[in-house]
Structures are given as structure tokens and as C-alpha cells.
Amino acid sequence: MAINSSDKWTVIAICLILGILLAFILMFWLERFRVIIKSNAHKHDPSDKRQIWLEKYYLFVRQIYTYLVTHKVILTLIAVPVVFAISIPFIGMQTPASSHGKQTTQVSTGNWSKNAVAARLGFLACGLYVTSYFFSIKNNPFALLLISSHEKMNYVHRRLSQYAIMIGAIHGFAYIGLAAQGKRALLTARVTIIGYVILGLMVIMIVSSLPFFRRRFYEWFFVLHHMCSIGFLITIWLHHRRCVVYMKVCVAVYVFDRGCRMLRSFLNRSKFDVVLVEDDLIYMKGPRPKKSFFGLPWGAGNHMYINIPSLSYWQIHPFTIASVPSDDFIELFVAVRAGFTKRLAKKVSSKSLSDVSDINISDEKIEKNGDVGIEVMERHSLSQEDLVFESSAAKVSVLMDGPYGPVSNPYKDYSYLFLFAGGVGVSYILPIILDTIKKQSRTVHITFVWSARSSALLNIVHKSLCEAVRYTEMNINIFCHLTNSYPVEEVSSLNSQSARNYSLQYLNGRPDVNDYFKDFLHATGTQTAALASCGSDKLLRHLKSCVNTHSPSTVDLYQHYEEI
């Protein structure tokens, strides 16, 4: 069914949303070129610290924009009334004008009757739902153009979904009110009953999407979210014949995205070594994804969706890749929490050695597990560290979908980098450091602050950090804080070191973010700088507060935050 003239306002609304995003992409690339030019100039002439008045005004405006983007609640409070104000013109409806009760070919400028407005609200909600559906897919072209992850498009997806639900709810209650006033039979009509089902799906979607529910019961959120999405497709399709064309677009987008993801997953089925390092930490290592037509470029800081059939065929979970694109393998640091990760830890733990001393040095034993896809390899190594890893390594069949995220490392275009991580958040920051060092970059100085309570995790990353600082002329300062009950001095393998251009220090206690960031700002001056952080919500909120407190209005600082 083709879209006719009465759908034009909905189509205009969709085009307006996409047009705004395209304009944003254009501004993003202009900003990227500005950063590259300025960073190149600083690399060739470090003494030049001039900042013209036009740049100061631009950076002041960008600082306001950055504050809003990094504080989503405030941005949403501003966006909601603006969106509804813009939506008012789109709920008018052009209808044939009447002359003495007879329709003529003349078209009236608009019909603002209750029935017409209620109908327009329904079509507008339908159009917003289509746009929201587009921003929910993993293979999102806008994310690639913004050198970002599809997860950053989730903000657009969530806000559009909320607007669609609110406008759709107003549409539904408006028709219920109109039916109650004059046409009570409409309250039990087929179209209204389907509307009741849509309303029920809205309630389930809203409750399951609340941050508390999503974080605490992610697996339930995942199932309910997908079931409700499919339910919306079916019920809106059946609700009104004029909605069918919009739902066909959603189905096409869904089939394309799911088809690409399923194909990649089956092409990238492989065996991973899985080790339970500590009760709350899992280390995974496996071959890098195969290159194919449906494969995506791999950039530093990307993440991967994995499925372990021996645990569940229906659950996929995202994990950040701790290795760099130049490696022929991928590494994952997995924090053990409830649900999938806890079951994986239990599975691996049940297959590890019960008594390491019973292993024969000359023998290698492979124990087959009853579940398909899991082998346990037990072998003796010379060092205690290797013994723990090798003897406990379980071979697990994994389906990989990805990588997803930026196709290149945007941080290497900035002169100064401030990187901050908490716990397994290092899996996002470490590849950025290694990639910036290994590839040609415009960066001259890196400050990396990491807080972790796991000495085992510090040990795993220690070798990579040592390699990073030894083979570059770049100025690098790395501060690793052990926040456990015992001091870092008791971990003999963690030794601080320094040279002319680098410093790697292991310290006790929580880091003082304010001091580190103020020192970084002092070193940065007027040059291009970028901040990247990955950690818990509490850690990120503390860092944002620190940045807002100490950053001058004209600081040339790009900010990016990843929550784990």
C-alpha cells in the first residue's frame, strides 16, 4: 500500500528527524577536520599556544553542548517540550473542503477537529516508531558515519520510542474519550480492542526499560524488549490498514539486521579459552573474527556480541574487546554478575582442577564434558601464574557477532589524552592506548589512570602496559591503583618503572581524580585534548562532576564515557 497525501505530515516528520541527524554528521566531520589541523600544527610547533577569539566562542558553545550530551537527564528535560512544540504542526490534517454539505475539489488548509487531531497523533506515533526502530539496529549507517558505536544511537532510539509511546497513548485515550461521548459501540470494536493490546505492550515496555530493571534483570529485559517489539509490529499492522506500509518498513529493517547478525555469528563459530581468574572475573581468549562481505571493520575499543550454545542458544551478550585490531586473537575481561556470566563462571569452575598438585608434569589430559562444545584442558606449566591459567582453561564453543563500534580510533587525532578506567573498564581503554602508540598518530601525551581491586587483573594487563611504554617516544604517564585490602607491594610481579618519556606506577588506594585531571589540564593548555572513560555509573558521575568543576569554558576537550 502506497503512502497517500494524508500521510504527508508523518513522512515530513521522519525526514525532519533524519535531516537533523545528517546535519549533525556534517558538523561532526567539520569538527574532526578542525581537530586534525590544530593537532598537526601543534605537533610541528609545540610552542604555538595562540587561541583566536572566534575559536574561544566556538569552544564555549561546544562546552555547553558537551555538558548536555553527557548529562542525558537534563538533555531529555529540554528535548521533550521542544519535540512536542515542533509536533503541533504535524497533527493537522488537510481534508477536502465542503460547500453546503458537499465535498469540493478545493482543499482546506487544515482540520483541527478532535477526530482529525486524534487520527494525526496516531500516524505521527507510527512514524516515530518506524524511525525509532531504525536506530535500534546494530548495523546502523549513522553510527558508522559518526565513527561511533550503534549503542550511542540508543539514546536517539530510546527518546523516539518514548515520544512514540506518549503520542500513541494520547491518540488512544483521545479516541476512547470520543467513543465514550457518542459512539460507545466503538469501545468494543476490533480496532479498539487491538488498541488495548498495544496499550498493554506499552506498559510492559516502559517498566522493563527502566534503568533499574534493565541493569538488574538484563536477560528479562532482553526477552521482554524483543517480544514487545514484535508484538508492536503485529498489533499496529492489524490496528489500521493505513499503518501496514509503516510496519512493512520496520519488518524489512528487522529482517536485514537480524539476517546480517545471524550470518556473521555462524561464520564466526570458534573455540575460546575461558579461565575463571577470580570468583568475580573471567578471562576469555579466541581467534579474531573472520573477514567477510558481511563483516564490519575492527577499531580500538570495539565490542563483540557472543553466544555460548552450551549455556543458551537464545542469549547474546556484549563484551568489550581488550585486544587491538593488529592482533590475530581477541581477549575479553568479563565481570561475573548475575545471570549469564554467573552461569558461565559456574560452568568453567566446575571443570577446573580440584587439586593442582595431582598433575603430572609430562602428561597432558583432556577431559570431555557431557555438554556439547566444552573441553577442559589440564596441563602443568613452569610458573604458578601459567599453571593457574593453563590448568583451568576450558575450551568453549562461541558464536561471535561483531565487532561493533568505531571503524577507526578517533583519539589518535588529539594532542593530549586523559584516559580513566575502573575495573574491567580497562578492556575499553587498553586497546585505545596500544592502537594510538602502534599506529601513526597526532598524540604527544597520554595520561592513564586505572582503579582496580583485582591484583590478578592488574597482572594480566601488566605485560601489555610494559610493552606500551617501552616502545614509543610519546610521553605516557600510567597510574594503576589497587583498591584491595592488601597493599600493592605484596604483589611481587607488579613493579613500577620509569624512563625519560614514560612512567608506570602501581599505587595503593583510590585515585584522586581531581588532582590527576587538574595536572592534565595544566599540561594541555589550549591544545586539542580528549577524555575517555569506562567504568561504573558511580565512577562516571564522579568524573563528570570533576570535569565540569575544573574545565574552563574555552578548553578544547572532547569527552566520551562508557558505562559497564
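Each Cβ is built from the backbone N, Cα and C atoms, and glycine gets one as well.
Keep in mind it's a predicted model, so treat the numbers as computed, not measured.
Taken from Swiss-Prot as is:
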type: CARBOHYD; residues: Asn4; note: N-linked glycosylation site
type: TRANSMEM; residues: 10-30; note: transmembrane segment
type: TRANSMEM; residues: 73-93; note: transmembrane segment
type: CARBOHYD; residues: Asn111; note: N-linked glycosylation site
type: TRANSMEM; residues: 117-137; note: transmembrane segment
type: DOMAIN; residues: 121-254; note: domain 'Ferric oxidoreductase'
type: BINDING; residues: His157, His225; note: heme 1 binding site
type: TRANSMEM; residues: 160-180; note: transmembrane segment
type: BINDING; residues: His171, His239; note: heme 2 binding site
type: TRANSMEM; residues: 193-213; note: transmembrane segment
type: DOMAIN; residues: 255-410; note: domain 'FAD-binding FR-type'
type: CARBOHYD; residues: Asn268; note: N-linked glycosylation site
type: BINDING; residues: His317, Pro318, Phe319, Thr320, Ile321, Ala322, Ser323; note: FAD binding site
type: CARBOHYD; residues: Asn360; note: N-linked glycosylation site
type: MOD_RES; residues: Ser362; note: phosphoserine
type: MOD_RES; residues: Ser381; note: phosphoserine
type: MOD_RES; residues: Ser383; note: phosphoserine
type: TRANSMEM; residues: 417-437; note: transmembrane segment
type: BINDING; residues: Leu419, Phe420, Ala421, Gly422, Gly423, Val424, Gly425, Val426, Ser427; note: NAD(+) binding site
type: CARBOHYD; residues: Asn501; note: N-linked glycosylation site
Taking DSSP H, G, I as helix and E, B as strand, the domain 'Ferric oxidoreductase' (121-254) contains 117 helix, 0 strand, 17 coil
In the domain 'Ferric oxidoreductase' (121-254), averaged pLDDT is 86
Quick note, Ala322 (FAD binding site): same-chain residues at least 6 apart with CB under 8 Å of its CB -> Ile330, Glu331, Leu332, Phe333, Val426, Ser427, Leu430, Pro431
Taking only the CA atoms, the spacing between Ser323 (FAD binding site) and Gly425 (NAD(+) binding site), expressed in whole angstrom, is 13
Ask   = Would the transmembrane segment (193-213) count as touching the transmembrane segment (417-437), if touching means at least three Cβ pairs under 8 Å and pairs must be 6 or more apart in sequence?
value = no
Note: in the chain of His157 (heme 1 binding site), residues six or more apart in sequence with C-beta under 8 angstroms of its C-beta are Ser132, Phe135, Ser136
Asn501 (N-linked glycosylation site) and Leu419 (NAD(+) binding site), compared by Cα position, are separated in whole Å by 17
Residues near Phe319 (FAD binding site) by Cβ (under 8 Å) yet at least 6 apart in sequence within the same chain, in sequence order, are Met284, His303, Met304, Ile306, Leu332, Phe333, Val334, Ser427
Fewest neighbouring Cβ atoms within 10 Å among the binding-site residues His171, His225 goes to His225
Quick note, Thr320 (FAD binding site): same-chain residues at least 6 apart with CB under 8 Å of its CB -> Gly301, Asn302, His303, Met304, Leu332, Phe333, Val424, Ser427, Tyr428, Cys534, Glu562, Ile564
Ordered by sequence, the long-range same-chain Cβ contacts of Gly423 (NAD(+) binding site) under 8 Å (at least 6 apart) are Ala335, Ser451, Ala452, Arg453, Ser454, Leu457, Gly535, Ser536, Ile564
Whole-Å Cα distance, His171 (heme 2 binding site) to His225 (heme 1 binding site), is 22
Rounded to a whole number of Å, the separation of the Cα atoms of Ala421 (NAD(+) binding site) and Asn268 (N-linked glycosylation site) comes to 29
